[in-house]
C-alpha cells in the first residue's frame, strides 16, 4: 500500500516528544513521495512542520482507529509499535482503571498503588474453568491457564513474574499462589494450601524491606514449586531462593529500611515474651536507624509481628525455636550497637562493659572476653608460626558487619529450610507449578556486584523468553498451514557469553579472587585487556579506570569495580565463628553446624583472612549464583512457561498515574516491545471467518454473500486488499499483516459514511420539500389575514383621529384650570410659612432671655456657698491650734510629775517583773513594727504609684468635667426649646383628647361586640381544633400501629430467613461431613479384605439403625452393640447436630407463632372490646354488688389472719427458725402472696358459681342452720336477710377452710424449704467460687498482651460452654430416660385398663369393638421383617422415576412407606417403625448420593420426601394438621407413636435433597448461560460484531465453548425442569422457589461475566441482553409463574439499561444513580469503565462523567463486593400441604412386584 494512501489528509500519527515520549497529531496536508516535511496539527490546536528524514521508513508511526484503542491484547492492535502500546496501556490504566493487559502470551501488570476489590473468592470462582482470553486479563487467568495445562497435558508449569522494584512482583506471585490454593485445595487433612499461603508473611518479614521505590521490596529471588498429586490437589511445596541482599542488614540508604522483621521485633518489645531480648525502639539501633524514616505509612509492625508468629506456628516451628530465632535477630541488632574505638594507628578496642556487647554475648551464649578480643584482632598464619594481629577500627567495623551479615544469611537459609520441611510432599508428587518471583533489570547511579548478578539473571530469562515466543509463533503458523518465513529476533547470547563464558567477567573475577594480592583495580585492567576489542557489548568509561560498561538487552549499564572481589569472596572472620560455635545456644550451634555441612559438601567456609588464598574447592558467590541460575533455566526449559511482566507506573507512588518515560523504559527492559516486534514481523492480526464476515459485511456486494462464510471471505478479501502478501488464509482464521485491519476499518468507515450521507441526503430532501409546502400554504393564509387586518386598521385610524380632536379640546381646558389652582395654593403656602418663621424667632428670643436669668441665679448662689465654706474652714483650723497648745501644756505637766521619785515608787511597787515582761513585749512590738514598717513602705510605694495613676485619671476626669459643663450649657438651651415644644404639644394634645374621647366611646361599644363574637369564634375554633387533633392523633396512632406491625413483620421475616439460611448451611456442612465420612469408609473398605467389608457393612447398618432410634423405647439393644471409636464420634456429632437442628426448628416455630399472633391480635382487638362491653351490660349489678360486699368483708378478715400469720413468722425469727430477708423467709412470703392471689381468684369464681347453684344449695343450707344452732355464730343472725339463704356465708366458711388447708400445706412445706435453703446456699457457694475463679482468670488475662488475651478469653469461654453443654446433655439424657420409663409405664397401665374394660364388659356384646378395629386399620400395608429390605430395594434403590411418574400416581413410594408405617404403629411395634424409618432415610440418602447429578432422580425423591413428611404431619393427630383432614383421614391418624423427631429428620433430608437439586440446576445451566445470554447473536442483522483479532493461547481450547447454545436452549432446559417438577408432584411453593433460584443463577452468571469482559460492555450488547431478558419474562408469563422470579433479573435489566442510556451530562449521572438501584456503586463504575464503543460513531465514557457518578453514589450504604454470589442458595421451607388422597383407595401396580405386601 502506497505511503500516499496511508499518510493522507486527516490521517493520525505519533511524533516523538521529550516530555511525553510520544504525542498524537493529525496530518493537515497529503503526503507525497519526496516531501521533506509533514504539516501536522496537535490535539491542542497547535500547527507545526514536522521534518522527515530522507528514508521513508522513518515516517511517523500511524495511530490505530479509536475502536481498537483499549484492547485486552496489545497484539490485537492493527499498528504494532511503541506509541500504540504505550497509548493502549495508558487508556486502560488511567481511564478505565484496568491494571492487567495481555501482550500475546505475556500478562502486563501495572501497579495501581491502591487496593482493588478484584482478588476475592468470587473473582477466583469466576475465572476458574475459563479459557485464557474469554475473560478480561487477570493474574487469575494466567494461573488458571497454568493449572489447566498441567491437568490436561500432564506437564509441569512455571509462572515467571519479573519487574523492577516496586512494580508489584511479590503481590502478583502471592495472588497466583492464592489462586492455586483456592482452586485445587488439599488432598488430605494437612491443609497444605494454607501452609503455602502462610509462608508468604514469613518470607516478606525476613526478605522484604522498604526502598525508595517500594515499601515492600523483595530483596531476594525465589522460585516456589507447588506440588500436586494425580487428582491435582496440593500436596506440598518447595522454595528456592537466590542472591539475598545481605548488605542491607548493616547499611540502608536514606528513606530506606532494614528487613521488616527487625522493626516488627522492636515494635513488639513491650510483650512479656520479648522482655529478655532487651530491645527498644527502632531508632535506638544502628542497623535500623540509618534510613532516618523507620515508619511505613499504613503498616502496623506489631500487628505484622503477630501475623508472622502465627505463620511460624502454622508451619510447625515450635515456640522454643521461635524464641531462639528472635534471640538471634535481637543479637544481630545489639551487635550493630557495639562501639569500636580507635587505639593508635593500627589497632582498635571495645569497652568490656559495653551493654550491647554484654547483651549480645548473653543472647548468643558466647564468652564475653573472647568475643571482645576477636572483634578487634585477627589471626595470621605463616609457614613457621601463628600470631594475633590487632586491626584498625575500620577493619574491625567491617569484620563486625560481616559477622552480622553472615549470621543473618545463615538464619535466612535455616528458615527457608524449615519452611520447605513444613511444605514437603506428603505423597507422591505427580506434577508441579513453579512461581518465579525474581528481580527485574536494575540500573542505578552506582551499580555494584548485586546489580551485575541481577542483570545477568535477566539476560538469561530474556533469552529464554525470546526463544519461547518465537516457538509459539511458529507453532501457530504451522497449525494454520501458513507459509513460514524466518523472523529475525534479537539474540542476546553474545552478552551472556561475555559474562559467563571462559575468560568472561565471572571467570576473570574468580581468577582474581584466587590471586594472593588480587584487587578490584587489577581485575578491571584484566577486563579491559580481554574484552575491549573482542566484544561489542563491553566498553570502558572515558573518565574512569575502575569501572566497565556492558550493553545489556534493555540498557547500557556502568558498573563500579569497587567491592566486587570482596562481595564475591563473602568472607568472615573464622575466629569469631569459632567463638559463636562454642556457644550453648542450640539454634546458633545448629546454624553453624549446617554451615559446616555445606562447607564439607561445597568447600570450606569463606573466612576472612584465615588463609591468604582460595583453594580450588571453594565456590565464590558468582560461581554459586551461576550454577543456581543454570539449574533454574533447566527447570524453566523443562516446563511450560507463563510470563507476568510487572510495570511501575511512576516513582511517586501516585494511584493510577502513568509516567510515559518510566513506562517505556520498563517495556523495553522486560521484553514486551520485543514481543510486539516479533508479532509485527509476521501476521499479528488474526480473525475467524465468522468475525470477519460479521464485521465487514457492509463492504460486500450481494453477490459476494455466500452461505459458506469461508468461501465468502476468500472471495471478497482480494477485492478489498490487492496485495496478497498482506494477508493469508488459514484453516480457521485469516491472518493480516500490521496495518491491514486499520485499512479495512478505514474502508468500512468510508462505506458507512457514504451510506450515512446518502440517507441524510434523502431525508433532508424530504424534510426540505415538506417544509416548503408547509411554508407556501402558510404564506397564502398569512396574506389573506394581513389584508383584512390592514382594512380594519384603516377604519380604526379614521375613528381615532376624530376622537382625538374632541379629547384634545377637553384636555387643554383641564390643564389650564389645574395650573391656576396650583399657583394659588403655592402662594398661600408661602405666606403661611413666612408667618410661622417670624413667630418662632420671637419665641426663641424670649426663651433665651429666661435661661440667662436662671444661669445668673445659680452662679451667684454658688459663689456665696464657696465663700461660706472658706470662712468655716479657717475657724475650725484656729480651734484645732488652740486645743493643741492646751494639750501640750498638760503633757509637760504630767511628765514633770512622772519624773518625781516618790511618785515613781508609788506607781511601780511590785511592778519589776511586769516591766521585764513589758520590755520583752516592747521588743517584740519593735520587731513587728519593723516588719509592719517594711510592709508600710511597700504599701506606700504601691500607694504612690496608685496615687499617681489616680491623679492622672483625675486630670482626665477634670477635662471630661469641663467638656460636660460645655455640654450642659448646650443641654439647657435644648431643654428650653424642648419645653416650648412640649407646651405646644400639650395644647394640641388637649384638642386631640377631646376628639378621641368621642371615638373611644364608639370604639368601646364596637370592641365589646367584636369581643363577644371573637369569644364565640374562639370557642368554636378550639372545639374544632380539639376534634381535628383527636382525629389526627387517632389516624397517627393507627398509622404508627400499622407501621410498627409492618416493621415487626418484616423484621421477624428477615430474622426467620436468616435463621433458615444458617440452619440450612449447617445442614449442608453436615451433609458434606457425612459424604466425606462415607468416602473415607469406602476407601478403607476397598483396601480391606472381603470379610472386613462384610463386617464394616453390618457395622454401618447397626450404626444407622441406632442413630435414629432415640424416639422409641430405651434402646437396650442399641446399647448392647459395641461400636468402634469412629462410630462413637459420628454418633456424637450427629446427636449434636440434631440438637442444634431441633433448637433452630423451635426458634423457627416461635418466630412463626409470634408472627401469626401479631396478625391475630391486630385482627381481633376490636371484636374483643365489643364482647367485653356486652358482657358487662348483661351482668346483674345489684346482686353482684351485695355478694361482692360480703366477700370483701370476708376477704378482709382473711387478710387480717394472714397478717397475724406474718407477725407470728416474724416473731419466730428471733428463735432462729427464719430471719427476714433469708431465702426461707422469702419463700414463705412468696407462697403467701400466691395464696392471696389465689384467694382473689377464688372470690371471683365463687361469685360466678354460687349464682348458678343457688337452688341446689338451699336444702343443705337449711340443714346447716339446724345443726349449727349451738355454734359460735350469733343466734340473732338471720340467714334470710343474706342473699339467697346464706350462700355467701357458706362461701366464707369455704374460704376459711381453704385458708386452713393452705396453712397446713405451708407448715408441711417448711422442712422442704429448709432443704431448698441449704441447696441454695450450696449454689451460692459454688457461684462465689466461680466468681473467684473468673476474677483470677481475669487478672491473668490482663497481664497478657492483646492477642494472647483474646485467645485466652476465647479458650476460657469455650471450656465454660463445653462444660455447660456436657451438663445440659447429661440432664437431657436423664430426662429422656425418665420420659421413656414413664411412657412404658403408661403403656402398661393402658393395656391393663383395656383388659379390665374387656373383663367388665357385657357378656352379650363380646365383639362390639371388632368393627371399629377393622375400620381403623384400613389403609395399611403389612410388611414382614424379612421383606423390609426387599421393599426398600424395589421402591427406592432400584426404582426408575420416569416409569413411576408416567404410569402411577405422584408420590406413590411415599404413600406405600407411610401405609407400612401405619401398620407398625397399629401393632405398637416401636422397633419395627424405627427400623423402617431409619432404613428409608438411609436408602434415600444413598440413592441421592449415587445419582446426585440426575435432576430427574433428585426431583423425584424431593417430592416423595416432602410427601412422606406431610403424611407424618397430616396423620399425627395434632390439631394444627388434623383440621384439614376428612373424617375418614382423622380415623387413620397414628395412635401410639409421636414421630416429631423423625419429622425433623425428614425435614433435614428434604433440605439436603433440595440443595442437591439446586446444584444440579446450577451445573446444567452454568455452561449455557454465558453463551446463550451474552455470546449468541439473538437479534441477527442488528448487532455488529467488534472482532478485534484477539489471539488466545495456542494451548487453550480452540473450540468455542457452548458454540451451539442459544437462548432457546436455556428456555427449553427451563421448561424441561418445570415439566419434571410438575410430573413428580412437587409442591407449588418449592416449584416457585426453584424457578426463582434458576433465574438468580442466570442473572448472577450473566452479570458477573459482563463485569469481567470488556468486549461485552457496549450499546449493542445491552440491546441483546434486554431482548434476552424479555424472552425470559415471556416464558414466565406463558407458564403462569408470578413467583418473584422477574425481580431476580432486575440487576441484569439495569445493567442493560446502563449500557444503552446516555452518558454525558450531570443530569445523565443523576438519572443513572436513581435508575440503577439494584446495582452496587462498584458495579456501576465498573460497567462504565468497561464500556467500549462498537463503532466509531459511539463515544467512550469520560473520566469526568465517572467521577460525577461516584459523587452521586457516595452516600449509598451497600456492599463493596463487585460480583454477585453465584453459590447463594435461598432458604427453603416446607409448608404443610394436606393430601386429598385416601389411603384405602391407593392401588399398587403389579409392575412393582410388591405381592409380599398385604393390604389390611
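Keep in mind that glycine also has a Cβ here, set from the backbone N, Cα and C atoms.
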Region 'Disordered' per TrEMBL - which of 937-959, 960-982, 983-1005, 1006-1028: 983-1005
Which range of 1199-1218, 1219-1238, 1239-1258, 1259-1278 is region 'Disordered', per TrEMBL: 1259-1278
Local Cβ density at residue 166 (ATP binding site) - other Cβ atoms counted within 10 Å: 22
Residues within 8 Å of the 163, 164, 165, 166, 167, 168, 169, 170 Cβ centre (excluding the ATP site residues themselves): 111, 214, 217, 218, 440, 646, 648
Which same-chain residues, if any, lie at least 6 apart from residue 164 (ATP binding site) yet have Cβ under 8 Å of it: 213, 439, 440, 441, 442, 646, 648, 666, 669
Other CB atoms within 10 A, centred on residue 163 (ATP binding site): 27
Neighbour-count leader, CB within 10 A, binding-site residues: 165, 170: 170
Stretch-averaged pLDDT - the region 'Actin-binding' (629-651): 89
Listed in sequence order, residues with CB under 8 A of residue 169 (ATP binding site) and six or more positions away: 161, 162, 163, 218, 437, 438, 439, 440, 646
Cβ packing number for residue 168 (ATP binding site), 10 Å threshold: 24
Spatial neighbours of residue 167 (ATP binding site) that are distant in sequence (at least 6 apart) but have CB under 8 A: 109, 111, 214, 440, 646, 647, 648, 666
